[in-house]
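Shown next, in structure tokens, is the structure this report addresses.
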Amino acid sequence: MQLKRRGLTSGGSPLILFMCQLIAALDVPLDPKILEGLQQPPTITHQSPKDYIIDPRENIVIQCEAKGKPTPRFSWTRNGTHFDTDKDSRVMMKPNSGTLVIDISTGGKPDAYEGIYQCSARNEHGTAVSNNIVIRQSRSPLWSKEKLQPYIVQEGSSLVLPCRPPVGLPPPIIFWMDNYFQRLPQSNRVSQGLNGDLYFSNLKVEDTRSDYICYARFNHTQTIQQKQPISVKVLSMDAINETFAAFLNDTEFFGDSPVGERRPTFLVPTGQNSSKLVLRGEILKLECIAEGLPTPEIHWMKESGELPIKKTFYENFQKTLKIVAVTEADGGSYRCTAKNHLGLIHHTIKVTVKSAPHWINEPKNLILAPQETGILLCRANGNPKPSITWLMNGIPIENSPDDPSRNIGDDAIVFSDVQKDSSAVYQCNASNEYGYLLSNAFVNVLAVPPRILTAPNHLYQVIISRPALLDCLTFGSPVPKVQWFKDNHASVLDGEPYIVHGNGSLEIHVAQKADSGKYTCVGINELGKAENVVHLEVKESVRIIAQPEYRVVQKAGTVVFECRVKHDPSLELTITWLKDENSLPEDERFVVGKDSLTITDVTEVDEGTYTCIANTSLDKDIARAELTVVAATPTPPIIYDYPDPPSDLELTDEHERSIQLTWTPGEDNNSPIEKFIIEYEDGLHDPDVWHNLTEVPGQKTTAHLKLSPFVWYSFRVISVNKVGRSQPSSPSRQYQTPGAAPDENPIIVKGAGSEPDNFVITWEPLTGIQSNGPGLQYKVSWRQKDVNEEFTTIKVANVSKYIVSATPTFVPYEFYVQTINDFGPGPEPLIHVGHSGEDLPMVAPTNVRVHVENSTLAEVHWDAVPAKSVRGILKGYKIYYWKERSLNKRKRRNTGKSSLMFDKNKTHGKLPGLEPFSHYVLNVRAVNGKGDGPPSPDQHFETPEGVPGAPAFLKVTDPTLDSLTLEWSPPVHRNGILTGYTLRYQAINNTHKLGPLLELVIPANETSWTLKNLNYSTRYKFYFHAQTSKGPGSSLTEEGVTIMDEVRPSEPEFGIVNASPAEDFANISWEYWGPYKNFYIEYMVENSEEDWKKEFVNGTQFSFVIKGLVPGTQYKVRVVAKGVTDETVLQSAEGIFKTNPAMASRQVDIATQGWFIGLMCAIALLILVLLIICFIKRNKGGKYPVKEKEDAHADPEIQPMKEDDGTFGEYRSLESDTEDHKPLKGSRTPSNGTVKKEDSDDSLVDYGEGGEGQFNEDGSFIGQYSGKKEKETAEGNESSEAPSPVNAMNSFV
């Protein structure tokens, strides 16, 4: 690996920034041969977290690991004083390590070892120190004793059930469950707040229960504390009325409605405004819970801007706004709104974002050669701004020995003319009131001659016209300079087509055959040189020169697909055929030849896409073709049909687990019966559903059937021939088998965690026929693997899942599921192994380094995370990276994060497709089955310049006799600092031949240029590109013509074009003032893809009729004039018209047809005769009193109401009781609001005129129905709305 270093001579901040661009830290490679004998100050490689909460049941392990040469020695301080580990028999330091192990298993008290610990690792070259590690014991106190009163609440009211868990370390996780350890269902009406309380926006009767239990889970101690159950009784209006009825003589007191609907009000937070403080990088959670009826909906907005879409989440049914990875931009005022149809209410939360220190430039290890210059930078940001302090070898730098080569600034230490004794470890501490950062960076003065790390005589093979990259990794101090040579030539490879990268690699952009050969790389510094030889071979690409083509083949025919390939003869070629992206069927009809695929006796299943893949070890080529199979010309077939169903089913030889079935076959209808399918119906467990039981050959008419216990069997038989299946036979008689213990246990038994604290056991339940008897249950047993404990067992029924709660995270469990019914248990089950739920990884990858390889590629390295911190199965590592800004622009512009996933065994990966000359940020995360772990600290890096993109546009303007003006805009992607533009141009003659190419260089600040002294009436072609220091970019081409003479343009020769459309034709007219032309009309349907249709016109006419148009269709039209002698063409502007829709009057008018008129006359005459007959019969009937007729017939349905029996009396008058006055069924309510209802819909309100009718003491109605109609007539337009009983209740309350 090539060395990098930092250096500085002297000067202030501008000089420091300048030196930062030139000097980078030198990385020591991990090659053991290099490390052997290389002196190095200590480096802390692993340490415990700053805030370390310990489990009081386990030994205390405080991590401190370091590397260095010689091997570092370790010591500890506790609470600022030396901690002598030898004086405490419980404390042991691991060999060759600084890790402390404190044994508390033999009676030690964990709280006696609480405090602030710091580790020091030292050797003769310096001392590195760890962070201050605060050790605190995890605590899970018991719930305080309290007597909880039951809550008795009216339906519709709001309610808050307090949790108030005990204060633990760390704080517990809160959840609500019932007595059966099932989580209580939550919704937008019922939800748990951030403080653990349970909020009811409004209560329902079904909320009544006596087992609202709040649980607190303390993860560190793996304990769960339980609050006393809370009882809630929700009283409905019926229950309240029953209570009052006992005291108020059965009078309904409240009606039957719950607490009335009401506007929202906030349960939490209170008031109209509140505030929230959050630290940068943390998760912001804002909460609004409202009560009201109906249940309010919660909405969120940011008053001072938009919510960040990609990191904003809503939880708890929109009641909690969650913003992850908070930045300063997330500060401001947030408004939550609670709304239902009665109104809304707002609450504003002012969020203030503070920040613990975070690195801008973290100090990096510095390796220098004697007399070299370097710099340590320590820059951090935060709110408030952090203060920077320096230490050397763990001692404040002001108390350390003076070093004349060292110059100390606020955020930098500059080294100049260093000597070997200048080696040391420096610590930078950046702190404010919210935290601190401590970083170790050593200065190591070395003098090492160059060494080549790339393997010698390595062979590189590439395909022609593709890039080739030859590695030459070096190490040395001072940094070696790398040079490349080809074959035995003495000239250094530099410039096109070669690029030597900063890491020493040689790149050939487009490799050609001539580039094959031996390459030598040489690394040189003032202490010596080293060289290495590698070889490059450029190979021909593989190409399919005869591709398979689309084929249509008749069934039973033969098809051949050709695939001839040309490739480099030194590479092994493999040809693979696929059908529909899968392997070819293993069928002898498919024959793969050297250059072809042959398919014989083709069938319909052979249709599809066939792919030929030609592979070598370096590249491949692919070609595809479709095959379509069509039916061959059929011969007249013999008529076949389905068989007739069997008959005469008979059951014999009956046993508990078997029976014999016989039947008589039906006719085979010219196709022999091939088999019989026997089906059964289970009348007990699955009636009316038929299942396949077995199949027997077509020659048999008897079957011995195996049966299951506890089933009510019926059988039927189906015949099958080549045509198909017959209809089922009639069912047999029913046969019942006795019950027995289960014969089998559930299949597909699985165990895995869905949450970090549970273990979910699932299985495929048995069907009714598999149960073998009543009382089917499942015995579920589990225990933690490799722990000496018995199985825990529970019996469940009617489920296929059981959740084991409060489990440790990602530990193995042994489990099994056994079937049981009333007759006994099933067979011994198999024991399975699964893991409890995964949790997100605990730590981020460390020691993240970025190496920029070129303007579009960077390589990232990191150290793997400890296995114990994964808390699951490590899937890999994910790199998140994003462009923060272009180096051309000062303004930051976040382009959105991208991510790449790498294998779990990798600790490095490459980021392709970067934009040149840009500032990027990245972090690395470990990923397991649960998701992403925490991110590593952000790493910043910059890509170097590249060639620019093409200018945004290029156009030619202002043509004159001898000049043209070009205008352009700079490239959208400059990819660096533009150094200028290059314009090349040449004339084009009438035969399109190109003249000599002229070139002009234009300054970068220009956006237009006028070319003078050009030929008149000449076409020119222009080639234009921008360039940076890395070379020219893509070109734009444009053409322009100088004018023939500077004369005023003539007036247009076409005037207005008019269209007069009808249904299927249109009259087109136009104005024209030019010379004599031949005219023709072009037209087409608007928005269609068809070509213009032409109609030729007599040149003496200025109008034309287009016929044969489609009614109701929109057309485009234009007039074209073509010269008689000069063939010049003029076009008018396009016009649009729409033909008229088809009119019904153009159809045959039936009213004018003679036969129709005669038919209408006959019908009218017949109706007239019928009316005369009805009139005569009506006059013969006379008049008679209706009431007398009713009394005579004594119809019981219209008898008057008697006072003794309570029946209705006469209620219809003779004048008004006609059929003409009866309302239609389903008619709308008259304007006075009264409707006579059907008998089933009658109510006392209808009969009692708005509740004012009279009742006896027993509640019977004593008013007259006729009285209501009279009152309606008298009151006229007065309101007839009856007072509602509900309104009456509300008035009473």
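Backbone N, Cα and C atoms are what each Cβ position is placed from, and that goes for glycine too.
Feature annotation from TrEMBL assigns signal peptide to 1-25. Summarising the annotation, TrEMBL assigns domain 'Ig-like' to 42-130, 141-231, 264-352, 357-444, 450-539, 540-628. Here TrEMBL flags 645-740, 742-839, 844-946, 950-1046, 1048-1142 as domain 'Fibronectin type-III'. Annotated transmembrane segment per TrEMBL: 1155-1176, in sequence order. The feature compositional bias 'Basic and acidic residues' is assigned by TrEMBL to 1185-1205, 1212-1223. For 1276-1293, the entry in TrEMBL reads compositional bias 'Polar residues'.
Counting Cβ pairs under 8 Å that are 6 or more residues apart, the domain 'Ig-like' (42-130) and the domain 'Ig-like' (357-444) reach 3 or more and are in contact. Take the domain 'Ig-like' (357-444) and the stretches 141-231, 645-740, 742-839, 844-946, 950-1046: counting Cβ pairs under 8 Å, 844-946 has the most. The highest tally of CB pairs under 8 A with the domain 'Fibronectin type-III' (844-946), across 141-231, 450-539, 645-740, is held by 450-539. Model confidence over the domain 'Ig-like' (264-352) stands at 93, taken as the mean pLDDT rounded to a whole number. The DSSP breakdown of the domain 'Ig-like' (357-444), given as helix, strand and coil counts, is 6 helix, 51 strand, 31 coil. Here the domain 'Fibronectin type-III' (844-946) has, by DSSP, the following mix of helix, strand and coil residues: 3 helix, 56 strand, 44 coil.
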